[in-house]
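Some notes on the structure that comes next.
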Amino acid sequence: MKVAVGSTNPAKVEAVREVFLGIYGDVEVVPIEVDSGVPDQPVGLEETVKGAINRAKQAIEKTDADFGVGIEAGLYRVPETITGYMDVQFCAVVDREGRITLGHGPGFEYPPGVIRRVFEEGVEVGIAMGELVNDPELKRKIGAIGVLTHGMLVRKELNKLAVLMALVPRLNPEWYGL
């Protein structure tokens with residue numbers, strides 16, 4: 001089985017590789033640099049989902065893969081949170097028939113100073129968080145979640161949960177009409 005990932009970010013590519021390998025066995029994963037078609041910092045579930053779907057569709061279109069996978073992180077409004085926003089990773093999986101399945105991982109809140117920079121300066125959360133901890137490559141490694149959870153959960157693992165949730169309908173095709 002061949003799986004194209006609409007990203008070259010190691011935290012995304014390895015997450016896809018590990019989940020697909022665990023479910024399907026022998027898997028070839030091909031990272032493809034694509035344009036998400038949404039702002040670098042998506043805001044709202046609609047924008048975030050659109051980015052994940054765009055990445056998945058472009059990945060499968062540019063290859064002969066069986067599946068295209070897109071992962072997009074974005075902020076969305078949540079009442080009663082400290083900042084008013086939470087971050088979530090959405091995953092889209094597209095097959096050769098054009099069927100899309102979606103999933104997302106756990107949501108979490110960025111520190112208020114990071115959210116303020118996003119909305120006042122237009123800085124992407126990953127960049128703002130990387131600057132906060134003096135690690136410009138943070139989002140390609142343990143991610144903000146790795147820093148915020150003191151290493152208990154890293155970005156790859158967060159992405160793996162989103163990928164697994166997107167595969168739920170494919171693991172149970174008879175219940176989802178696939």
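Any Cβ shown, glycine's included, is placed from N, Cα and C.
Quantities reported herein were computed from a predicted structural model and do not represent experimental measurements.
Features reported for this protein in Swiss-Prot:
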- S7, T8, N9, P10, A11, K12, D64, A65: substrate binding site (BINDING)
- D35, D64: Mg(2+) binding site (BINDING)
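Each residue contributes its Cα atom, and for A11 (substrate binding site) and D35 (Mg(2+) binding site) these two points are 17 Å apart.
There are 23 other Cβ atoms within 10 Å of the Cβ belonging to A11 (substrate binding site). A11 (substrate binding site) falls within a helix when secondary structure is assigned with DSSP.
For the binding-site residues listed here (N9, D64), the lowest count of other CB atoms within 10 A around the CB belongs to D64. A straight line from the CA of S7 (substrate binding site) to the CA of D35 (Mg(2+) binding site) spans 9 Å.
Sequence-distant contacts of K12 (substrate binding site), defined by Cβ-Cβ distance under 8 angstroms and a gap of at least six in the same chain, are V5, I71, N159.
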